[in-house]
Amino acid sequence: MCPRNSSQAQPFLLAGLPGMAQFHHWAFLPFGLMYLVAVLGNGTILLVVSVHRQLHQPMYYFLLMLATTDVGLTLSTLPTVLRVFWLGAMEISFPACLIQMFCIHVFSFMESSVLLAMAFDRYVAICCPLRYSSILTGARVAQIGLGIICRCTLSLLPLICLLTWLPFCRSHVLSHPYCLHQDIIRLACTDATLNSLYGLTLVLVAILDFVLIALSYIVIFKTVLGITSKEEQAKALNTCVSHFCAVLIFYIPLAGLSIIH
């Protein structure tokens, strides 16, 4: 069990739009729309794939996993953001902040892992089409899903324990309307090098996921270029477009945030 420091009793204060408190109610509208679109859009994917048996295939199972992580990430962040902008409720207790931080980082890590699994799916489908059904069986997809959950959950648990060791005697004002690891450790009044190094390790693991995805696409494109039929080339590439876009949407903002912090 992780120890608890007595300085953690004081709640943290979430940040809205610095110097623009009068616009918080207006900011509620776009974030509220994002929340509805994310929940309804991913909820529709979950419903459609679950109901239609012809979609019970590995590619759609991975899409189901991706939609689930998106819903989890949305529910972990946007309700708190909407509460800050609409109600002006800035305070969050230390345990609640830890839980939110854990969920945000776990679901983000899961999304990276699922995108890697989807890249593997596309690699097998295009580069080893005759072995696709024997490699990606239903049981193996379930094992991959369970492995992703274990990988992400167990990797983030030490981060929580390390944070409970830290005393917080400085300002308790965070720089976002939700809790992030890098925000919390900045408020510690003791050396947080170990926390920073562990967080950096997790970032490097996510980068490794991206490198493996990039390598899989290099092999896929090389295989597609070896297909003589232009129609078959286009058909093969079309199956990768949505995944490739999802990879860019996820990793480009992640790279930007990593540089900023």
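Along the chain as shown, residues are numbered 1 onward.
Heads up, the Cβ atoms here are built off N, Cα and C, so glycines get one too.
Mean pLDDT across the domain 'G-protein coupled receptors family 1 profile' (41-261) comes to 89 in this model. For 41-261, the entry in TrEMBL reads domain 'G-protein coupled receptors family 1 profile'.
Taken from TrEMBL, the feature transmembrane segment covers 26-49 (among others). Only residues 6 or more beyond the boundaries of the transmembrane segment (26-49), in the same chain, are considered here, and those with a CB under 8 A from a CB of the stretch are 16-17, 55-56, 60-61, 63-64, 67-68, 70-71, 74-75, 78-79, 81-82, 85-86.
The transmembrane segment annotation in TrEMBL covers 61-86 (among others).
What TrEMBL records for 92-120 (among others) is transmembrane segment. The list of residues near the transmembrane segment (92-120) in space but at least 6 beyond its ends in sequence, with Cβ under 8 angstroms from a Cβ of it, reads 8-14, 59, 62-63, 65-66, 69-70, 72-73, 76-77, 80, 144, 148-149, 151-153, 155-156, 159-160, 163-164, 168, 174, 178-181, 184, 202, 205-206, 209-210, 212-213, 216-217, 243, 246-247, 250-251, 254.
Look at TrEMBL and you will find 141-168 (among others) tagged as transmembrane segment.
Feature annotation from TrEMBL assigns transmembrane segment to 197-220 (among others).
What TrEMBL records for 241-260 (among others) is transmembrane segment.
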Chain residues outside the transmembrane segment (141-168) and at least six past its termini with a C-beta under 8 angstroms from it
2-5, 7-8, 10, 58, 61-62, 65, 94, 98, 101-102, 105-106, 109-110, 113-114, 117, 181, 184-185, 187-190, 192, 194-195, 198-199, 202, 205
